[in-house]
Amino acid sequence: MGREFIEIFEDWAKDYDESVAGLDPQYSEVFLNYDGILNQVVAQSTGTVLEFGVGTGNLSEKLMQAGLDVIGIEPSRAMLDIAKRKLPELTLLEGDFLTYPAVEVPINTIVSTYAFHHLTDDEKATAVRQFQEVLQHNGRVVFGDTMFASEQSKQAMIRDAEDKGFSALAEDLQREYYPIINTMETIFSTHGFDVAFKQMNNFVWILTAIKKMNE
C-alpha cells in the first residue's frame, strides 16, 4: 500500500482480524469468502513470494503453510507488530508498494490482498513497472482487491451502502482509489503482463498477471 492512509491502519490494526471475520456488518460483504480469496491467491503463487500490505499476516500464514518462501512488506508499525507476534519466522520489512528495501533473492510471485487500491492510478502504474523489473521471467502478480466492472457499478455500490446506512463503507469507497477493471487491464498490459480477472464476491476480484516471456 502507499502511505496516504497509514493512520487508518494504525487505528484499525487491533480490530482488523475481527473485520475480516465478518463481525463488522458494514464490511461483511467486502470480506465475504475471505478464506477462499486468500486460498485462491495462495493456489496461484509459486517459488519465492513478495507480499505487499502484509497487515496482520493472514495471507502470509497461508503462503507459509503451503511451503512457500515469503518476504513481507508493510508500512504500518501497528500491523507489523501484530504480524511479527503471529509469525515470528516471517521475514518482514517496513515499506510500501512504491518504496521498500531492495530484495536480494529472485522473486517468482508478487501478492497482495485488500491493499492495491490505496494507490492512485498513476501510482499503480509506477508500482507495476517496478513489479516487471523485480519479477523473474514468467513471474506473476496475484492480487485480491476491491475492483469494479465499470464506474457505473462503483457508483451503484456507493449508493447501496448509503441506502443501508453504511456510512463508513460509503465514505471508504469514495475516499480511496478503488480501480475499474479496464484500467487495471491497461496498466498491466502496458507494462508487459498478460492479465486475467476472477470475481470472488460483490466487491473483490482476483487479478492474475503473468510476465510475458519476451519482456
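In case you wondered, yes, glycine gets a Cβ from its N, Cα and C as well.
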| task | Can you match one of Glu61, Glu74, Glu89, Glu104 to the S-adenosyl-L-methionine site that TrEMBL gives for Gly53, Asp96? | result | Glu74
| request: Express the predicted model's confidence over the domain 'Methyltransferase' (49-139) as a mean pLDDT, rounded to an integer. | output: 95
| query | Would you say which of the binding-site residues Gly53, Glu74, Asp96 has the most Cβ atoms within 10 Å of its own Cβ? | reply | Glu74
| task | Please find, for Gly53, Glu74, Asp96 as listed binding S-adenosyl-L-methionine, the greatest distance between any two Cα atoms, in Å. | result | 7
